[in-house]
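Copied from TrEMBL, the annotated features are:
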- Cys421: active site, nucleophile (ACT_SITE)
- Gln287, Glu342, Asn393: S-adenosyl-L-methionine binding site (BINDING)
Amino acid sequence: MFFSLFLELFSGNTPLPKNTINLEAALYIPGIRRQKKAAWTDDLSWEERLADAVTPLWRLSYEEQLELKQSNHRRILSELSGSLSPDLRSAFPAPASAKLNFPVLPVLPSPVRDGYRNKSTFSVNRGVDGNPKTVGFYLGTASRGNIVCVNGDHLLNMPEKHTLVARCYQDFIRQSSLEPCLLFHTGGHWREVTVRTNAQGHTMAIVYFHPQMMTAEEVAVHKAELVEYFSRGPGLACQLDSLFFQESTMTRCTHEESPYQLLHGQPYLYEEVLGFKFRISADAFFQVNQAAAQVLYNTVRDLCVPGGAQSKTGSTLLDVCCGTGAIGIISSPRVDRVIGVEIIEQAVRDAAHNAALNNVENCEFLPGKVEVVLPALMSQLSSAPGVLTAVVNPSRAGLHPKVVRALRNQEAIRRLVYVSCKPDGEAMRNFKELCCAPNQEKKLTGDAFSPTLAVPVDMFPHTPHCELVLLFER
């Protein structure tokens, strides 16, 4: 189905959606511009202001949202096309009107448009009424001193179960004798709460707490109160399957830096994608929209190993920034070997567990910084027989230059699939370095890749964001 659509598009029989809107232009659509100007006036309710900040496309129909995202991705990818034109290989930026020299498929829509988030983090701060124990989402900025915390029950992307946990947590901290931690240097203890759910409705809550100068015994009293509230008190309505607690003196920290303490219930959630089951720990990365994740991973798998059948003997899939191993495990039946690399050790443990959980025996997952692990690994792969394909799914920061260099200079890689949630950011630098002419100064000596197909996947309805899957070949 996927590749038949591509062939129709490439042959010119399937037109792209009308490019009547782009993301930049969206800021100038009369209704949206009025919203931005009115954000701190009495013209809009607090709920509308929050919706405009968190889900800025909520006033558009879903068809209009897809049209906007399609136009935006064509604009972004035109920059890449322009930079690859023979007369534009210099340092000059490509014009926004540069003609695309590879097809961009229509945005693949999310099967679920409302209440799709499976992970939400709610902050604690002063509410509209001045109560410092308000749980919700921020409006305003710390630099201007105008932060207001607004309840998010009305947000279109927010499931009811998440907002229920947030309301109960607010009720709990308002009953607590401890103050909230709004600024670390001013004291206080209760911080944000993260809620995770799966398709079956199982729910995990993670409460973050600043111990300040409290002893372990003193903290234990309040942990016990938290358990009591959610397991036998009013919070029982949330039906939590897992309740975690993390003490931290930092804004964010890993499980290794400060362990997640399981106070109640099960240590993991489980999610199913394309027939494979995945374990989700408290801090594991998993796509925020499970239904759209199936569309995304199916697309990535088809581009990594087209045809749907077992590839040639000796084929290897290199999964860079593999997280908990979803892409590699889902693709494993089509290749002989999967090698994943991931910096977060807990994610690597989850990936190994997920492979065993699905009786997948051809996957290997390596912990460590990708820029350290990958160059050494490449020397081993250069002598391996068969086809070598790479897939990368980095954070918004993109790939480290050493990783791009290792991929570019490994001649055995003929096909590379790049998954990006922000293609107009650092990822664009990665794209250009994968595709530019050989550059001795940057140590980019391998043959250039060429972008051959782009597939946007809408993971985030009602927001401007979209996942982009870009296929490079050489």
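Just so you know, glycine gets a Cβ as well, placed from its N, Cα and C.
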Between the residue listed as 'active site, nucleophile' and Gln287 (S-adenosyl-L-methionine binding site), the C-alpha gap once rounded to whole angstrom: 11
Residues Gln287, Glu342, Asn393 binding S-adenosyl-L-methionine per the record - widest CA separation, whole Å: 16
Other residues, Cβ within 8 Å of Gln287, Glu342, Asn393 Cβ centroid (S-adenosyl-L-methionine site): Phe285, Cys321, Cys322, Gly323, Thr324, Ala326, Ile327, Val419
